[in-house]
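**Student:** Feature annotation from TrEMBL assigns active site to H63, E113, H117. For 1-19, the entry in TrEMBL reads signal peptide.
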Amino acid sequence: MKLFVALLSVLLLASTAKSTVTIYESSKPGDFDFYLFVQQWIYSYCDSQTCIQNKEREAFTIHGLWPENSDGSYPSFCSGPSFNVNDITDLEDQLNFDWPSLTGPNTDFWTHEFSKHGTCSITGPITDIHDYFATGIKLYTEFNITAALEAENIYPSGSNTYKPADITNAISTHFGGKPGIQCSSGQLSTVAVCIDKNSLSVMDCPELQGWSCSGSVKFPSTA
């Protein structure tokens, strides 16, 4: 009965006009097209949230590694192991810095990210909880968004604004794949690099539902 309800929910969501389709608990790990590797600019995020002060710094940090489908749907809360911080003790120091919760305990954030997204990511080169978080750290090192923007003279500023195309082109030029970018209140808030699920190499992002910026974009140097 639970499976029937879940599948019915998918069908109903799929029929709504241009809405993002979410595949719920009936999803199987590995049943998706590619990953979104998502980083958030701290100062844009903390402009609209009450952040923990000692976690604020001028940096992109990891939001998550999210399975995604080309049609805009995505799996979530798949069957599989539950998050256990003991599985990632050797990564914890780096995760605290590179993949922090800006508003609460880091372990709560990691639990949410693995439960919703990581459970669906156990496929190909990612075989367990440790692989999932280690892959996030590896991709974070490989895809340094700040460095890519600085290479094209795009710097955090309290006054300068940039065109969305210039931001997208800077990242694409640096990494070789078209990214997705998101803005909030006219500020660059989130960048997604699309990752092949088998090779974990960069690829061009398709059109991503809800990912867009328009007009003059700020890249704030303070929250």
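Every residue gets a Cβ built from N, Cα and C, even glycine.
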**Student:** Can you check which residues sit near H63 (active site), meaning Cβ under 8 Å from its Cβ, same chain, 6 or more apart in sequence, and list them in order?
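**Tutor:** The answer is V38, Q39, Q40, T190.
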**Student:** Restricting to the same chain and to sequence separations of six or more, state which residues have a Cβ under 8 Å from that of E113 (active site).
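**Tutor:** Correct list: G64, L65.
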**Student:** Taking only same-chain residues 6+ apart in sequence, whose CB is under 8 Å from that of H117 (active site), what do you get?
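**Tutor:** Long-range Cβ contacts: G64, L65, W66, P67, S76.
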